[in-house]
Amino acid sequence: MTDSARTPPAPAPAIRPGGIAARAMGARPAAAYLEGLNPEQRHAVETLDGPVLVLAGAGTGKTRALTTRIAHILATGKAHPSQILAVTFTNKAAREMKERIAALVGGVAEGMPWLGTFHSIGTKILRRHAELAGLKSGFTILDTDDQIRLLKQVLQAENIDEKRWPARQLAHLIDGWKNRAIGPDKVSAADAGLFANGRGPDLYALYQERLKILNATDFGDLLLEPIRIFRENPDILADYHRRFRYILVDEYQDTNVAQYLWLRLLAQGSHNICCVGDDDQSIYGWRGAEVDNILRFEKDFPGATVIRLERNYRSDGHILASASHLIAHNEGRLGKTLQPQGDIGEKVTVNGAWDSGEEARTIADEIESLQNKGHALNDIAILVRASFQMREFEDRFVTVGLNYRVIGGPRFYERAEIRDALAYFRCVVSPADDLAFERIVNTPKRGLGDASIALCHAIARAQKIPLMAAAHIAVDSGELKPKPRAALKDVLDHFARWSARLDQITHTELAEIILDESGYTEMWKRDRSADAAGRLENLKELVRSMDGFENMAGFLEHVSLVMDTEGGAGSDAVTIMTLHAAKGLEFDTVFLSGWEEGLFPHQRSLDESGRAGLEEERRLAYVGITRARKRAKISFASNRRIHGMWQTSIPSRFLDELPEEHVDVLEAPATFSSSYGRSRFDGLAPFSSSYATPGWQRAQANRAAPQAETFRRGPRVIEGELVAKSTGTSAYPVGTRIFHQKFGYGHVAMVEGNKLTVDFDKAGQKHILDSFVEPA
DNA sequence: GATCCATTTGTTTTT
DNA sequence: CAAATGGATC
């Protein structure tokens, strides 16, 4: 959240909350932190009593208002740090908020125990009252992966064909229900019918039962269980009412029903709830966010003060005007008009390309020329709708030798080796963690297959004990063959030894011993595949990252709630990421690629959510444009390979929704000048192969000096792909009479690989892929 | 019980 | 086109 990056934070006064200075200031706050706020921001900061909705457009200083408000509450002595509940969605946002409050107030922020994500605060509450939810306080938190594996077991036990009814799909449904705070008994008939002939709710209930047996929760429960506890125990709720004098919510437009209910329950106490958000930036509807929450705020919280932040300090005039004009096409918005504060700046540009390769090349060229003019690569970003688009840019940047970084993709804690290692740790800390145990009993391979595991499961179920305990019995009983029996005994002995040392040595040492003695490290050392070295490195990194924690249990809790790792800014590099990932960030120059019907707006959005889907896509476009401070450069490609098939598409309807007077169209949509049709091999023509290009050589040089820009994967080696593909011969030699769906009849004028230049009788000369024509 | 091949299925992503 | 999954085979 760098919304107000350009209005420097006021110097931090060191005021001890509740101290004499603070109380004295409460009478007449002329605090320095209020300086530099515009009137609306100041209003948002100083309206402390009653419900407040701050509608903060992109780049209007939202985070600043929020953090200053907290500083103000503290400085005026209205509440202690521990009496403020401040919730965010991501750990990153929570971290930033903490830092900024600390900067404003001077170090008091560590004393804010209730500043965190919905889930971390939910966990905290649930741990205190776990027994009321049928759990023990040390419950484990399952991630999506565990959740699906658990559901698979449920489906198996119920004899449901997993082929026809995949566990993943059920997980989605249950997630959706939990997002809407719907318990197994409240699922609507329509929803129930969606899975296994109406068995959905039934399976949902069984899943919940299994969770309790495992002493585990999924992410949804972290909010739902507290809601249940609050509803069933008014005394507990009253306790929290007394505790939380002020409630603050960031990104309110992203809340789902469960989060809304949770907040509403807590806000019934003081009524001092302040929600900050922007309905125009609601882009997470597909994972349960209800824009309606923010649209309905005044009804939900009667007497609410609504404050609009509309002065945009980020983007230049043309950019802002374009974004505003575009988003105005949405219905059902609260309506804000962003007012530019700076220069009119450069017009937004729209550029059409023949295919995605050319798009990437054009953008890479533009970036190089910006770089030559002295622009830092760190100030440049490429935003795409779908992650498959990133590849084309990566390929191009490698050949050209441009430094880039990719944000997104599989995260650190989602990597197999990390999850395996964590499963070992989980087993040591909580021997009843069946899912973890099952994950690693046979990793590395120990000769324990389905048969042995099935036996353990049978014992566990019969005696209602955890898997590991059942495994002990299995070893003692004579039911296993000698080999698996010895192997299983060996593992169990290891675990017994590790558990015993839990309190004797530091958790970091223990972690190393576990990975070593289990043979897990050895397994990757023996692995000859290319990424084995990286995996070992990741394991080291994991152990290193445990250092900052009290103990193993503390570390594991952190991991289950914090799925992100600090990806250092590193060296100067262009950022490539999805539009979703870009929310909250800003760059001088933003390239918005792939504005084609079907990709953006995405076809699936339109198919599945219709009008609402289209509006969400439009908001995504709005988010994209408003990331730019100085330059927004939109592009589209007529041809793109999707699932290996070339597809032709028309420019996005969003392009037509931009205001002409603020946009420069560099390439007229729909007609493509022949200079662009010469395909992706243009730039390489003078060289015998791509290896000979200066860019390739530069890329080689760059690779030699290792750079830690491997957020997701290293720059991809393309191994002459560009030349290889050009040799395909077309089935349509020059002069062939052909027919095209859209352009009608014509004859082939030129052939390049699978690309044809065709003189159409009516439509003139066009560049077409041979797969789109047929012999006339 | 492990390995290999065929089939499937491909937005966006946090906790 | 490619990754990931699951079934069939050794």
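Glycine is no exception: its Cβ is also placed from the backbone N, Cα and C atoms.
Residues or ranges marked as ATP binding site in TrEMBL: A:Ala56, A:Gly57, A:Ala58, A:Gly59, A:Thr60, A:Gly61, A:Lys62, A:Thr63. Residues or ranges marked as domain 'UvrD-like helicase ATP-binding' in TrEMBL: A:35-316. Positions annotated as domain 'UvrD-like helicase C-terminal' by TrEMBL: A:317-584.
Of all the binding-site residues listed (A:Thr60, A:Thr63), A:Thr63 has the fewest other CB atoms within 10 A of its CB. Under the three-state DSSP scheme, A:Gly59 (ATP binding site) falls in the coil class.
In the shown protein chains, 26 other C-beta atoms lie within 10 A of the C-beta of A:Lys62 (ATP binding site). In this model, the domain 'UvrD-like helicase ATP-binding' (A:35-316) carries an average pLDDT of 92.
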